[in-house]
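As structure tokens, the structure follows; a few thoughts come after it.
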Amino acid sequence: MTEQSIKDGQRPELPPFTLRNVLNDIYNGILALFTDPFCTRIICPVVIVLTSLLSKAIIYKVPYTEIDFRTYIQQIQIINDGELDYSLVQGDTGQIVYPAGFVQIYQVLNWLTDEGTDIHAGQTAFGYLLALTNFLVIIAYTMTPDFQPWPVYCLLLSKRLFSIYVLRLFNDCFTTVCMVSVTILLQQAAYWYKKGGSSISFLLTMVAADLYSIAISIKMNALLYFPGFIIVAYFLCGENLLKFGTVLLVIPIVQVLMGWKFLLPFFNDEEASYIRWNYINQAFNFNRKFLYKWTVNWRFVSEEFFLSDVFSNGLLIANASVLIFFIFTRYISPRITCKPVSRLIKDAMVGPFSSTINKNNLLIDPKCGPKLVMLILGSTNIIGILFARSLHYQFLSWYCWQLPFMLYMTGWSLLVCIPLWVVHEWCWNVFPSTPMSSGLLVSILAIVLFGVWYNTNEWFPKLADNEAATIDESGESKKDK
């Protein structure tokens with residue numbers, strides 16, 4: 001039937017009602033639930049509800065496993081009794097090693113669980129925390145235009161992740177929800193830079209810095225995001241060093257406020273200095289050693305090599321090298337910033353208190369910016385995970401929420417991404433870890449990072465109105481040549 005006949009009100013001709021056509025419709029419907037961006041809005045609320053229901057089912061069916069929660073509560077009770085010296089705050093499994101944000105969160109959990117006696121209340125709270133986290137993750141995902149549904153399903157498929165939340169009650173979960181929120185705030189800042197003005201973007205970036213510092217005060221793994229955070233924040237401040245410095249200043253100020261009772265900033269006597277030093281030394285200890293028996297990612301190296309300084313320093317150098325490579329080939333590429341690196345440096349030195357950002361910078365483009373924020377923060381974090389000194393089982397929560405997105409950003413087929421996800425999940429469910437599970441885990445993370453880096457279509461999409469066509473590789477305008 002012609003288009004004109006449809007406009008005239010006539011019913012379109014339907015395909016014949018046959019078994020083959022019915023099966024074909026069913027197949028297309030199922031395929032759409034995985035690949036049609038329109039279906040993303042349908043399945044998102046379903047996934048959030050299922051997260052909550054699965055958490056409740058696991059709490060009901062699977063016995064709780066005590067690992068560190070009792071120790072956390074014991075430490076909080078000592079602090080609640082008035083102890084400020086971190087060296088004297090300890091529980092069954094050791095001394096307190098987390099900053100003051102951890103203390104404040106677990107003080108609430110101490111009250112909620114009636115000093116640790118009502119574990120079910122704590123499990124329920126963590127179940128809702130997981131549902132909230134997935135809700136926020138979906139918001140972050142769907143700020144990428146035409147986002148397919150299949151990565152959202154992956155949020156339901158990690159047995160280990162559900163265990164970390166509702167059967168272990170680790171503090172890592174709170175850092176994660178903070179970092180997802182930071183990501184959303186920066187995505188919103190990128191989206192509104194042109195639509196709502198740079199002032200709105202600056203305020204959102206300030207709030208993101210506040211929340212980022214809170215995440216660090218819960219657990220220091222949030223520092224893995226720092227290189228990506230400062231790059232994104234710099235551009236969202238319009239390359240204005242005054243605004244950028246203000247954003248960075250928020251981070252230490254929040255740390256001081258969070259740890260006020262342990263830092264004792266208005267006291268300079270010997271006892272106050274001792275308490276202050278013990279807090280800083282234990283809460284922000286970068287020299288902490290890890291036990292080989294708990295490593296998930298380096299079981300394929302010998303224990304002697306694992307514990308050596310050579311291995312530790314090698315990982316640090318590798319981390320820095322890969323990160324620098326990503327920074328110069330992707331994060332601040334002229335194809336994103338629309339100006340060469342030399343011009344970025346010159347603008348920062350010549351006009352530090354003015355906005356020098358190129359209007360075509362992809363990070364402030366409403367369509368491209370939110371996706372690039374997710375890409376930069378996600379790749380920065382996973383680079384840190386790949387070269388981490390050691391990963392323990394609860395550390396999966398640090399990046400599990402980003403992995404489906406990163407797989408999607410490789411541009412690979414669903415038939416490649418899903419098997420990679422399944423094998424990755426298997427690696428985290430092998431206990432104790434084996435050389436094979438560790439080797440596969442490291443390999444998958446490296447492969448995903450390479451795939452994300454290699455897929456230039458996601459990093460350097462064609463700009464609307466062909467604006468990108470006027471910018472060459474050096475960042476200079478072709479029209480000016």
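Residue numbering: from 1, along the chain as shown.
From the backbone N, Cα and C atoms, a Cβ is placed for every residue, glycine too.
Topological domains recorded in Swiss-Prot put Val89 on the same membrane side as His424. Counting residue by residue with DSSP, the topological domain 'Lumenal' (389-402) contains 6 helix, 0 strand, 8 coil. Highlighted: of the candidate stretches 42-62, 125-145, 173-193, 434-454, 173-193 has the greatest count of Cβ pairs under 8 Å to the transmembrane segment (368-388). Segment contact holds for the transmembrane segment (222-242) and the transmembrane segment (173-193), given three or more CB pairs below 8 angstroms at sequence separation of 6 or more. The listed stretches are 125-145, 403-423, 434-454; of these, 125-145 has the most Cβ pairs under 8 Å to the transmembrane segment (173-193). Taken residue by residue, the topological domain 'Cytoplasmic' (424-433) breaks down under DSSP into 6 helix, 0 strand, 4 coil. When Cβ-Cβ distances below 8 Å are used as the criterion, the topological domain 'Lumenal' (268-308) is approached by residues 84-87, 95-100, 220, 259, 262, 388-393, 395, 427-428, 432-439, 441-442 of the same chain, each at least six residues removed from its ends. Note: the stretches the transmembrane segment (247-267) and the transmembrane segment (198-218) are in contact (3+ CB pairs below 8 A, sequence gap of 6 or more).
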